[in-house]
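Straight from TrEMBL, the features:
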type	residues	note
COMPBIAS	8-24	compositional bias 'Basic and acidic residues'
DOMAIN	37-131	domain 'SH2'
DOMAIN	166-261	domain 'PH'
REGION	1-28	region 'Disordered'
Amino acid sequence: MGTAEMEEERRMSFQQKDQDHRLGQGDPEEELQSLAWYHDGLTRHAAEALLLSNGSDGSYLLRKSNDKTALFSLSVRAKDSVKHFHVEYTGSSYKFGFNEFASLKELIKHFANQPLIGSETGTLIVLKHPYPRKVEEPSIYESVRVHTAMQTGKTETDLIPNAPSLGTKEGYLTKQGRIVKNWKTRWFTLHRNELKYYKDQTSTEPIRALDLTECSAVQFDYSQDKVNCFCLVFPLRTYYVYAKTGVEADEWIKILQWKLSQIRRQARQRDATLSL
């Protein structure tokens, strides 16, 4: 290597170190904007919905924890749940538990090789897949209350691998009977691609479980002379239900319609794969 090449290499090395120093020591905004997996303004529930529905085990993203500019949350998918870890910017470094890092990239690099302890069950979490902010994010994430579905177990092998979408919802809805067209209030739960209804919230066995992969449409209904009524169309039956409020009905319809869109998207992907 000639003298000129050595000088150029030293100059570029110095510039890189200087950039790393500025990102680690100065205003964190420059580094944050350089991270494709930083989601400014994303809420906790929206982060859970994104990671559970579109991510995979080890997918992660960074978001602001609250109104404080120096506090962030690292949201990580661990099998069929999402864990949230606080990251604090001290003015010169990023504090994560008892550890401190000069930059966020150093933090990620560290935990890509050293697993995090994710919960009281001892679930090990490795940061594998950064979740990019430039993806299509359905608007319903903010309007629908999306829970994190937890699968208990003492070891990682107790958790269901490759769990599908886990956006969930539950609550009371009033349903029309099939033969006698009377209306009865039932407890409904939406989990993965199954909509179940029970006699009440305390019941352990469902009256019926509806497979949403067989559902062709979910929409508001005005044929039953009921306020806040909507229907689910299946090949052999259309189910009519209504909620207490318009907001509740709207939430149920939106999350159910989103489920159907996910099911259809996955079916198209399978068909495209088979046709190759």
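Positions of Cβ are set from backbone N, Cα and C atoms, glycine also.
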Need one number: mean pLDDT over the domain 'SH2' (37-131). 82
Counts by DSSP class (helix H/G/I, strand E/B, coil) across the domain 'SH2' (37-131): 21 helix, 37 strand, 37 coil
DSSP-assigned states of the domain 'PH' (166-261) in counts, ordered helix, strand, coil: 19 helix, 40 strand, 37 coil
